[in-house]
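Read the structure below first, then the notes.
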């Protein structure tokens, strides 16, 4: 049975991208009004109401034992085909193709960094949470830190947080909230979604990827940070050093989706070799 994960707002609505720049890219940005935008707003309204310190803490416990399924990376890639992504309503091809498209875009630009190619294949695997009953607002969309006041570049910031109980709690409603200045993003509780799930899963299964890969996975949907320039008060020097890597990955995530489909079967042996190198065998999900 296919599960409708809906449009990923991170790919549909980007108010902080220069429209002229967007016009030179693929037509993924041709969603700016009408019912789709209404659905995106509703998704963010639900997300910004329910993503709290308590909610995120409970989700980390719920998924933290990684006892939902045992499977390989390639089996998880295949599961993406059970997700219906309405952000591409006119392009009827399996979601797994986007994983290979992203990976191949990175491979062409960075042929000497095989670990980076693998990140392209892996980056959306956390969306399988939708197959386990998670609502869209807890799977996709832009992420942000909980436990402190949302900053200006968070999408729909001024119109979607009114019902979030954390903002009525003095511990969580200031710019720093429950954090210390420059505490480092590794010490920050991020909103729950496919980024955070996969990051935690990779740590649990001891992927032998470099730290740049973990940053790309955990923060590729953290647009208020890597594109909006916010939340610098929480960053350590390491975070700032890693920021260009996340920004580099983001280019391929957004702009490699197109109807020219890769020959997945011919690519599979190469990527299986990378999996065997960095995250082999049956893993805990």
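Counting begins at 1 with the first residue displayed.
Each residue, glycine too, has its Cβ placed from N, Cα and C.
Taken from Swiss-Prot, the feature substrate binding site applies to 29, 85, 86, 87, 88, 127, 141, 142, 220, 221. Taken from Swiss-Prot, the feature phosphoserine covers 33. Per Swiss-Prot, Fe cation 1 binding site is recorded for 98, 123, 124, 253. The Fe cation 2 binding site annotation in Swiss-Prot covers 124, 194, 220.
Checking each of the binding-site residues 141, 194, 220 against residue 124 (Fe cation 1 binding site) by C-alpha distance, the shortest gap belongs to 194.
Excluding the listed site residues 124, 194, 220, the same chain places 123, 125, 126, 127, 140, 193, 195, 198, 217, 221, 253 with Cβ atoms within 8 Å of the centre of the Fe cation 2 site Cβ atoms. For the binding-site residues shown (124, 253), fewest C-beta neighbours within 10 angstroms: 253. The binding-site residues listed here (98, 123, 194, 253) include 194 as those with a Cα within 10 A of the Cα of residue 141 (substrate binding site). A separation of roughly 10 Å, to the nearest angstrom, links the Cα atoms of residue 220 (substrate binding site) and residue 194 (Fe cation 2 binding site). Same-chain neighbours of the Fe cation 1 site beyond 98, 123, 124, 253, judged by a C-beta within 8 angstroms of the site's C-beta center, are, in sequence order, 99, 102, 120, 220.
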